[in-house]
Amino acid sequence: MNPVAPTRKVKPPRNRPSDRRQARKKARIKTKGIYLRAIKDAFVKLNPKSAIKNPVMFVVWVATLVTLAVTINPDLFGPNQQKNPQLFNGLLTGILFFTVWFANFAEAVAEGRGKAQADTLRSTKSEAIAKQLSPDGTIAEVPSTNLKQGDTVYVVAGDIIPADGEVIMGVASVDESAITGESAPVLKESGSDVASSVTGGTRIISDELIVRVTSDPGKGFIDRMIALVEGAERSKTPNEVALTVLLAVLSLVFLFVIATLPAFAYYADTPVNVPTLIALLVALIPTTIGGLLSAIGIAGMDRVAQFNVIATSGRAVEVCGDINTLVLDKTGTITLGNRLAEEFIPINGYSVEQLASVAWAASVFDDTPEGKSIVRLAEKLGIRYDLDPNLAQAVEFSAKTRMSGTNLPGGREARKGAVGAIQGFVRSRNGQTIPELDAAYERVSQQGGTPLAVCLDNEIYGVIYLKDIVKSGIRERFDQLRRMGVRTIMLTGDNHITASVIAQEAGVDDFIAEATPEDKISVIQREQAQGKLVAMTGDGTNDAPALAQANVGVAMNTGTQAAKEAANMVDLDSDPTKLIDIVSIGKQLLITRGALTTFSIANDIAKYFAIIPVIFAAANLQSLNIMNLTSTNSAVLSALIYNALIIPALIPLALKGVQFRPLTANQLLQRNILIYGLGGVIAPFIAIKLIDILITLVGLA
């Protein structure tokens, strides 16, 4: 291939105060746009095809048409003895119309947030010109939409990466803020399972890369995310479907009750007209939760999206609320990751300098953070192995051998790795291990570090102490999960002693030491066999089977394509700890739905006492008029006005969610019954009475 001239480095722009003010202004404009679009969409949703999807609100929709007909012709269902029936029926029609419209508005606002996110993602796509590399090394400029899987492209500083792909040559900094919102550039390089993955629409800000395209047009990561976000409102979760069926059954029961009332009213010599019966029906059916149910589900996905996580469906978010077990990798989730060499511990009569020299040789080709830290620590001591890298051969780490190193000139072998693996290697070369190694191993392990043994041929020189730090506050977060009934299991490749020390410090419930990728699937299957729901995170190709097996699998955006496709959530920030937040959001979704359902049903009690006593006042039920409402008209209008206004009043709560507290199921139930059950009874009594007073003052009673 023709040589490419080096490019100058481009500094990423800094966030100035004016930039932040502009960002806040854009956020306000975006919110205003969401509400303006929702107002329009709420009218569009009045069409019968949309209305019938919500059985409860469809009843109100039909009731609105009936009262409209009665407003036009008050004697439609027989002679009407009511004073000024057209005014009353007209007011009734208007209130019912706005009840349906407010429910549509709540759903449209929730959907609008998803559409806004889809628009943001869509804006990252560009019709850029790509520099396509042909097999003979020549560069041809083609539209990015013409690229297909398997093509190779060349990108330099300032270019937009034209399609999803894998880096096959080069090292560069990439700005992924258009997707993740994180301004810090991300290093991309070839030869890494994770850092070699790039996303179309991101921008390269320094150096250059050669990328192999991994997706066809319209099937890239951003395309899939747009499809997921825009399709969020169309798929109901199983719990949402079950609750919808329950609300529909309750509505049918109340419809049957209302249908039988005229006969009882005739027997009691207290005739009831059709508009009043319709008002009673609407007041009794659970319109509050019926109007907010879709918004709650869609908002759950939106709250996850605000954490920069894309869920494949509402079901994935909801399942998070029922999670019993979290399977977590130690490195990067529980600890800070990037273990660094802290100390050389020589044994067997060797000096620190001799151990550092062999460790340097075993790590000179190791590009991992751990390997580079070993080289740095040795060079800090002024130690290097006398080695010509051109005459040496790298030995890559593998999960099977659990060690890596260098084949040196003259047939010598420098290795570093797990203590057990190095012991086996030395024995296979007719060497011997000594008790001093076990003492060094235990010393490092008891400090929560990772011991790496170092050998040259059949002689063990000592142990490298790799230091890892448990993230601050992680123990408190695990305590919160435990109070919610969620069990945590830590997986680590460390030995049993190190794993035990870190598990105790972090406060996890269980751990698996010296874990392999197969252990992830085994522990998930074991937990699922006990009837538990399991969540886990992963980023590598070897994590894909476990991500697919888990009930909730969260793939890192920096992970491989296989991991993203196997998971049902993708974290754009690639932060494994976010799984804990996602579980909390799932539980908040379920709690919000339960709380508003409780509030809605409790509301019916107050509305019952508002309307029934005044309708059947002649049947000696006036004593039940404990609110002392002025008249039948004022009672009906007051109850229905409250019934309509409570829906927009609760939209912020439905979108934001009920405040989440890490409590047990019984404690949550008691709290919700007290706040939303008792509150759902008391609030309507007060509100309906105040509305009745206002109606009386304006002369509509």
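Glycine too: its Cβ is placed from the backbone N, Cα and C atoms.
Database features (Swiss-Prot):
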BINDING   Asp366, Glu370, Phe397, Ser398, Ala399, Lys400, Thr401, Arg402, Met403, Ser404, Lys416  ATP binding site
BINDING   Asp539, Asp543  Mg(2+) binding site
REGION    1-26  region 'Disordered'
TRANSMEM  57-77  transmembrane segment
TRANSMEM  90-110  transmembrane segment
TRANSMEM  241-261  transmembrane segment
TRANSMEM  278-298  transmembrane segment
TRANSMEM  599-619  transmembrane segment
TRANSMEM  635-655  transmembrane segment
TRANSMEM  681-701  transmembrane segment
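Swiss-Prot feature annotations superimposed on the structure.
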{"residue": "Asp366", "record": "ATP binding site", "DSSP class": "coil"}
{"residue": "Phe397", "record": "ATP binding site", "DSSP class": "coil"}
{"residue": "Met403", "record": "ATP binding site", "DSSP class": "strand"}
{"residue": "Lys416", "record": "ATP binding site", "DSSP class": "strand"}
{"residue": "Asp539", "record": "Mg(2+) binding site", "DSSP class": "coil"}
Among Phe397, Ala399, Met403, Lys416, i.e. the binding-site residues, the one with its Cα nearest that of Asp543 (Mg(2+) binding site) is Ala399
Rounded to whole angstrom, what's the largest C-alpha distance between any two of Asp366, Glu370, Phe397, Ser398, Ala399, Lys400, Thr401, Arg402, Met403, Ser404, Lys416, listed as binding ATP?
19
Between the C-alpha atoms of Asp366 (ATP binding site) and Asp539 (Mg(2+) binding site), the distance in angstrom, to the nearest integer, is 20
Among the binding-site residues listed here (Asp366, Asp539, Asp543), identify the one with the smallest other-Cβ count within 10 Å.
Asp366
Dominant neighbour of the transmembrane segment (681-701) in 57-77, 241-261, 278-298, 635-655, by Cβ pairs under 8 Å
635-655
Please give the sequence-distant neighbours of the transmembrane segment (278-298): residues at least 6 beyond its ends with Cβ less than 8 Å from one of its Cβ atoms.
54-57, 59-60, 63, 66-67, 92, 96, 99, 102-103, 106-107, 109-111, 113-114, 232-233, 236-237, 240, 243-244, 247, 250-251, 254-255, 257-258, 261, 314, 318, 589, 592-593, 596-597, 599-601, 603-604, 607-608, 610-612, 615, 636, 639-640, 643, 646-647, 650-651, 654-655
Counting only residues 6+ away in sequence within the same chain, which have a CB under 8 Å from the CB of Met403 (ATP binding site)?
Val395, Phe397, Arg415, Lys416, Gly417, Ala418, Ala421, Ile422, Phe425
Distance, Thr401 (ATP binding site) to Asp539 (Mg(2+) binding site) (CA atoms, angstrom):
22
Please list residues from the chain of Ala399 (ATP binding site) whose Cβ is under 8 angstroms from its Cβ, counting only those at least six apart in sequence.
Thr516, Pro517, Asn542
Non-local Cβ contacts of Thr401 (ATP binding site) (under 8 Å, 6 or more apart, same chain)?
Gly417, Ala421
Here the binding-site residues are Phe397, Lys416; the one whose Cβ sees the most other Cβ atoms within 10 Å is Lys416
